[in-house]
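Pulled from TrEMBL:
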| type | residues | note |
| --- | --- | --- |
| TRANSMEM | 109-131 | transmembrane segment |
| TRANSMEM | 137-157 | transmembrane segment |
| TRANSMEM | 249-269 | transmembrane segment |
| TRANSMEM | 289-309 | transmembrane segment |
| TRANSMEM | 329-350 | transmembrane segment |
| TRANSMEM | 370-391 | transmembrane segment |
| TRANSMEM | 412-437 | transmembrane segment |
| TRANSMEM | 457-481 | transmembrane segment |
Amino acid sequence: MPEVIDKPSCELTLRFFLFNSVGYLNLSRNEGMSLLTLSVSVHGLKPPPCHQANVDDCKKASTLQLAVFFGALYTLAVGTGGTKPNISTIGADQFDDFHHREKAQKLSFFNWWMFSIFFGTLFANTVLVYIQDNVGWALGYGLPTLGLVISVLIFLAGTPFYRHRVPAGSPFTRMATVIVAAIRKWKVPLPGDPKELYELDLEEYAKKGKFRIDSTPTLRFLSKAAVKTGPTDPWMLCSVTQVEETKQMLRMIPVLVATFVPSTMIAQIHTLFVKQGTTLDRHLGSFKIPPASLAGFVTISMLISVVLYDRFFVPIMKKWTKNPRGITLLQRMGIGLVLHIIIMITASLIERHRLSVAREHGLVENGGQLPLTIFILLPQFVLMGTADAFLEVAKIEFFYDQAPESMKSLGTSYSTTSLGIGNFLSSFLLSTVADITKKHGHEGWILNNLNKSHLDYYYAFFAILNFLNFIFFLVVIKFYVYKAEVSDSLHALTEELKVMRLKASNQEESRA
């Protein structure tokens, strides 16, 4: 059962752990959004309006204005990077792994967690985008700022009712001590029997409500950190459980790497996909659809897919596989990766059709709007939402589930790290491909004028990249071993303790 801190004896620890990790970072997001709202509202903090046809003729933003704007973005990034893995972890920790009903409910938690996240995204991609385009940026940023203030108040009000895990120290320090100890003893041979390695008594783990992890044959070099050589310095000798926790975090890194490419694909939603939309007919009767609002179809697709997955797909698959999740988390991720290949093939074919229409109507050179509805882009947006329902939900659940009990937040941060690296990788690939394809007198694949560009080639390149990444993923999962269930491990620990106590009792009786 999730361990609850004794409030009278650990009040300062609880306050530091909760408010400084999640509450402070939530406030950081609030401050970032507040500063962003001011940067588009206060006269001295925003550049003067520009009505020139050529934006290069507009008055540039001052150093102060740029500093406030980018300062707000970076503050927001710090807050978001801290709150996302922590809040989802706290949410999952509210379910008791040793209670049958709660354990079953926890299997659906991340489905509905992502559902709520994307529900908010739907509001942002539709209502907020419309307000920003047609009313103003001040109100467009002011509304989410108000929403963040309300979320902080709700978080603070609910804090006394949450289940809180006892702080276990920095996971980076625990992992670093294992790696350093293993390196310092790299010449020391491993014993033939893993029971000869250093480990704490079962009673020690039982007192703390934790469980012991047995030694595994993977990443054997790290097991040297638990070889007894005399010194008991923590940077020279670590318990087998601590070594195995480090192994669990390191074993997930190849899976993390396999998620970088699909995270790069997600970045296309708000960049090239939207830019494609600006070249198409966006009218729906008298209403003009903002190109960025197309991302709302990703969200709608994802919301529908999550409900169908949780309510229909899982029950059906459970009957066949006997797996409480229907299919394994890695299998779910694999389906998402396959969908990403299909998405980029679809996007390439649609873009080829768009370019053919541009040529037919003589709109290649002037980059004019095509007599083609924006809804031809719908398939790639809808498929992206379906892929998210498989890959993105499975990704965050996998990294949470497979992380050691004392490193859940770090495990969940792998998911957000994947998205961050995917955005950087997207920018790198875009600039690199644009530069390479311009060499030797060629016009290049990616130009400001999309009607002269070759995004169809670029998307085909992404399809190949996704296929190669899928092959890499298959190799990774072939050698991946899931960690044991927590409840099963603690049950085994309890049984082992009973046997040990029984033996000790029998020995005392025989001596008497």
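Cβ coordinates are placed from backbone N, Cα and C, and glycine is handled just like the others.
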Contact between the transmembrane segment (412-437) and the transmembrane segment (249-269) (at least 3 Cβ pairs under 8 Å, separation 6+):
yes
Which listed stretch (109-131, 289-309, 329-350) has the most C-beta pairs under 8 A with the transmembrane segment (457-481)?
329-350
Considering the transmembrane segment (370-391), which listed stretch of 109-131, 249-269, 289-309, 329-350 counts the most C-beta pairs under 8 Å:
289-309
Cβ-Cβ under 8 Å with the transmembrane segment (249-269): same-chain residues at least 6 beyond its ends:
171, 175, 218-219, 222, 295, 298, 330, 333, 336-337, 340, 343-344, 347, 381, 384, 387-388, 391-392, 395, 398-399, 402-404, 407, 410-411, 414-415, 417-419, 421-423, 425-426, 429, 462, 465-466, 469, 472-473, 476-477, 480-481
How about long-range neighbours of the transmembrane segment (329-350): same chain, 6 or more residues beyond its ends, C-beta under 8 Å?
255, 258-259, 261-262, 265, 268, 273, 376-377, 379-380, 383-384, 386-395, 397-398, 401, 456-457, 459-460, 462-463, 466-467, 469-470, 473-474, 477, 480
